[in-house]
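Pulled from TrEMBL, these are the features on record:
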REGION    40-84  region 'Disordered'
COMPBIAS  49-72  compositional bias 'Basic and acidic residues'
TRANSMEM  143-166  transmembrane segment
DOMAIN    189-379  domain 'Letm1 RBD'
COILED    498-542  coiled coil
DOMAIN    599-634  domain 'EF-hand'
COMPBIAS  657-670  compositional bias 'Basic and acidic residues'
REGION    657-676  region 'Disordered'
Amino acid sequence: MVAAPLPAVFPRADGPGGPWAGLDALRLRAALVPPPTRWGVRGLHTSRRRPDDSKVEKSLRSLKEHNKKMEDGGPVYSPSTEAGPARRTVSQWVADEVKHYYHGFRLLWIDTTIAGRMLWRVLNGQTLSRRERRQFLRTCADVFRLLPFLVFIIVPFMEFLLPVALKLFPNMLPSTFETKSKKEERLKKELRVKLEMAKFLQDTVEEIALRNKASKSSVTKEFSTFFQMIRDSGERPSNEQILRFSKLFEDELTLDNLTRPQLVALCRLLELQSIGTNNFLRFQLIMKLRTIRADDKLIAEEGVESLNVTEVQAACRVRGMRSLGVTEDRLREQLSQWLELHLKQQIPTSLLLLSRAMFLPDTLSPADQLKTTLQTLPEMVTREAELMAAEMELSKVDHKSKVESTLQEEAVIRQDNKEREMERLADAAQRTIRVLHPPPCPLPGCLSIVSWLVPQEGELLGDSSASNDMLRDSAPNLEGIKGEEITKEEIDLLSDACSKLKEQKRLLTLEKEELEELKDDVQEYNEDLEEMKKELSKTGQEEVVEESKASKRLAKRVDRMILRVGKIIGELEKDKEVDTSNLVSIDELIAVMKQIQNIPEHKLQSIAAALDDNKDGKIDIDDVIKVVELIDKEDIDISTNQVADIMVMLQKEEKLNEKEKAKEKAEKEQAAQISG
């Protein structure tokens, strides 16, 4: 069996014109490639749903690819056939069953403990990080999967206790405004909580959608055999195997488990700030990868040929490829290869960038480049990818593997929280030092604001009025390349200002948009299930794989909550003049922020200017809220330039989503006409 060939050239990032030209290649590669290990272990407020595919969509796509290859007679990887397992004795069967139930109850206890702790944090108004939310979703899904009848107990209990929780935990939904009507305030809080709960439960439905009644499949064994081949035996797997398993290493999964030297190397490759905490570096990279993903779709839609030489050079440089010292044909060729691997072969952007950051020889094929990159990934990434492979192929995962994965992820979350707490303490100490010992101003005749807030030695507070003229500095403000820093406290202030503006304008546009997105998710999920049944019928597995009881029960609850959210929005809009425009002026935003907290005028102007991407003096409140949610859950300081980049990235994603929805709608209408 011969695997399909791939393009032979995989461009390098070094050499003339590469973003790391002139650096020590061996030293950087040593930073990227960790020392070899032998299966070692490394040490509800929710945000908007990402446009990523759900597990049902991934399983459906994998099943379609498999069936298409079978129909076309193409290469379909199957492991070498070995003798079946020996028949177990009664004592062995009893021992296996005891182990199975032991790990099952242990998994249930661990999941319940973690989910309960995170739910308590949400009720107390704390924000879950992106990683914590993923862990919360996984543990809740496991609990419902192990005990489906709990859907009838937990979800109604949560809905029943919602009014009580809002009173017992006033910080559950922090409100910076006062409403004239207590009923209106209660309805708004209930709307926000029910909407977030419905989105979370829909994510859980998609997580536990399908159940395989058959015994464990061989996909986990295939995965282990594949990694043993590339790491230990030295045997080269086929191109089909490499591409198949490379798809599992999604961007967030890979970045969340990379070592610090690897994170720093990627930041340097993409010309991002390489100084900061691991959490900050990951956030930068995730935002950059989302921007590249959106740009790739736009370039693929317009065609590489539509770009001029300067644009092709810029696109290659952003993706870590050589942009100078090569011909125009070569530039277009390597950009086309990137689009082929990323969009058509579904290879994650993070793997493609890591392969370019390792200074591998140009003679290696893309498959060999990916194989070498997979060898350098930390062990925890491979364990998570192995579980994902089993879930995508609809095979059962033993409880012991899930327990190990959950405990490993919990240990990493604790370490991340510890680093964040240390960062907060360090920031507080630095602010105290800056107030007590302000740095000298580099401009002649300039006095910093802090220097006159804190009286110097020998100065009297009463004499400050005599020196007012000296405090005025006519020198122009110098704006750094990275922009002005926005602290976590100022991000919270911005969030409060948006809430107050929404209350003043009686805006519910964001809630309506999220409700429509949730309805679309439910509809797509139901359509995917129908397609899944058709694909399974082609292989005779329709009786083996079925929708789980827990997902059916949860789906009914989500439908009821969607109806309730729609009714609440109707009640809030009834007999009230609702402003349909989300736009506010920069002056309005600054005025509200001043009312909440006293911040220097130049800082407010800098924050507002970063949010005004088209420089028309108007800002979309909903767009600002989306940016704030992205930054807030990571708990980091960020520059104004980075905020502006995030605004542009979100608008690109929104335009692409609108185009994709319009395309899907047109395809459905066309299919309906043909069938009719």
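For all residues, glycine too, the Cβ spot is worked out from N, Cα and C.
Whatever TrEMBL says is automated annotation, not expert-curated.
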Task: Grab the pLDDT values for the coiled coil (498-542) and give me their mean, rounded.
output: 82
- prompt: When DSSP states are grouped into helix, strand and coil, how many residues of the compositional bias 'Basic and acidic residues' (657-670) land in each?
  reply: 14 helix, 0 strand, 0 coil
Field: Three-state composition of the domain 'EF-hand' (599-634), taking helix and strand from DSSP
entry: 23 helix, 3 strand, 10 coil
